[in-house]
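Novice: Quick one: this structure, given as structure tokens, is what I'll be asking you about.
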Amino acid sequence: MVERSAVIAALDAVMDPVSGQGLFASGLVQGLVVAEDRAGFALEVDRSLVATYAPVRDAAEAALKVLPGMNRVSVILTAEAKPGLAKPAARTAGLSKAAVDQGRAKAPVPTDRPAHVRRVLAIASGKGGVGKSTVAVNLAAALAARGLSVGILDADVYGPSLPTMLGISGQPAYEDGAIVPHQAHGLKAMSVGLLTRMDDAMIWRGPMASQAITQMLTQTRWGVAEAPLDVLVVDLPPGTGDVQLTLIQKTPLDGAVIVSTPQEVALADARRAHTLFQRVNVPTLGLIENMTGPIFGQGGAKAEAERLSIPFLGDLPLDAGLREGGDAGRPPVSADPSGLIAGRFAAIAEQVAAALGL
Ligand SMILES: Nc1ncnc2c1ncn2[C@@H]1O[C@H](COP(=O)(O)OP(=O)(O)OP(=O)(O)O)[C@@H](O)[C@H]1O
């Protein structure tokens, strides 16, 4: 049985780098729940400070995990705290508890963070077929090339393409109640396409889809205590409908990258994807333009990123090697690490790693 006071004391032993106070005293800890052998809370910080607080979140998690009797700790870093949320408790003196509570943000939708995973990154697109999965796989490989331990979860319930793109097949093994992910091209990989026959993928809809994804997220052995996974890349289903909203609400995401082609229609969809992430307080780390060139045009995504005030992470040309590598299960980033495509992804990976504080 873990005591709430012990949890608060452990949190106050972690310093808030902005106020210099203990983390609990700083007022950033929202919705603290302590129950028997577990504890969880949200760390609400300003959007611009997400990278600063990512290591603080890790330190808080680590500080709670070592408490006697503690089994499970879940700390969610959320951006865009409402002004005034982080005020020290002394400022509320004189107000009734109800009045103080009224000003509080609602508790976030409960999500289950996968164990031993430091960051979760979503790859999204507002529209199908723009190359989201291609980007997810190659960006994951480029992050791994930086020396990070990387996993990739294919949550594209409508058309799981990861097994083909990484050349993996067969149901994953189970060990001690956990799913053992496949290993390919230096990545740990799990796909909804491995849990079902490929033809059945279309039946994963609504609640079933999000349940399957929560399971793959939390029951896969992505990392272990001694060797946590640095980043889990989640390839989301394309689009901005209810399924996507439910998924991103239930998945503890630290940031999202949106993929678009240069065309106006695709950019309008990218805009909707950004709005969707804003609604759930997940920072959009940037926009990538895919299939840039004479056929679809060039520069649309960069201009759109400027309009939305989000970073433009780079563009990728329409390239036969990218398509063939995907079809053959050999992503160019790992098959041709000194090629032009690998270079583009390395530059994108550098920005993404920095934005995630990795
Ligand atoms: N830059 C590129 N140059 C050439 N072909 C590409 C490029 N990017 C993606 N493709 C090809 O386009 C097709 C669609 O790509 P991909 O499956 O990655 O898109 P997606 O957005 O994930 O699609 P879906 O919406 O079906 O999940 C694939 O055949 C892929 O190989």
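Residue 1 is the first one shown; counting continues down the chain.
Every residue, even glycine, has its Cβ placed from backbone N, Cα and C.
Features from TrEMBL:
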type: BINDING; residues: Gly126, Lys127, Gly128, Gly129, Val130, Gly131, Lys132, Ser133; note: ATP binding site
type: DOMAIN; residues: 5-75; note: domain 'MIP18 family-like'
Novice: On the 0 to 100 scale, where does the mean pLDDT of the domain 'MIP18 family-like' (5-75) fall?
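Specialist: Mean per-residue confidence for the domain 'MIP18 family-like' (5-75): 85 out of 100.
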Novice: Whose Cβ lies within 8 Å of the mean position of the Cβ atoms of Gly126, Lys127, Gly128, Gly129, Val130, Gly131, Lys132, Ser133, the ATP site, other than those residues?
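Specialist: After dropping the recorded site residues, what remains is Ser125, Pro238, Val259, Thr261, Ala266.
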Novice: Gly126, Gly131: which of these binding-site residues has the sparsest Cβ neighbourhood within 10 Å?
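Specialist: With the binding-site residues Gly126, Gly131, fewest surrounding Cβ atoms within 10 Å: Gly131.
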Novice: Tell me the coarse DSSP state (helix, strand, coil) of Gly126 (ATP binding site).
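Specialist: Once the DSSP labels are grouped into three classes, Gly126 (ATP binding site) ends up as coil.
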Novice: Which state, by DSSP, holds Ser133 (ATP binding site): helix, strand or coil?
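Specialist: SS state of Ser133 (ATP binding site) = helix.
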Novice: I'd like the per-state residue tally for the domain 'MIP18 family-like' (5-75) from DSSP, helix first, then strand, then coil.
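Specialist: Final tally across the stretch: 27 helix, 20 strand, 24 coil.
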Novice: Quick one: give me the count of other CB atoms within 10 A of the CB of Ser133 (ATP binding site).
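Specialist: Taking every protein chain into account, the count is 25.
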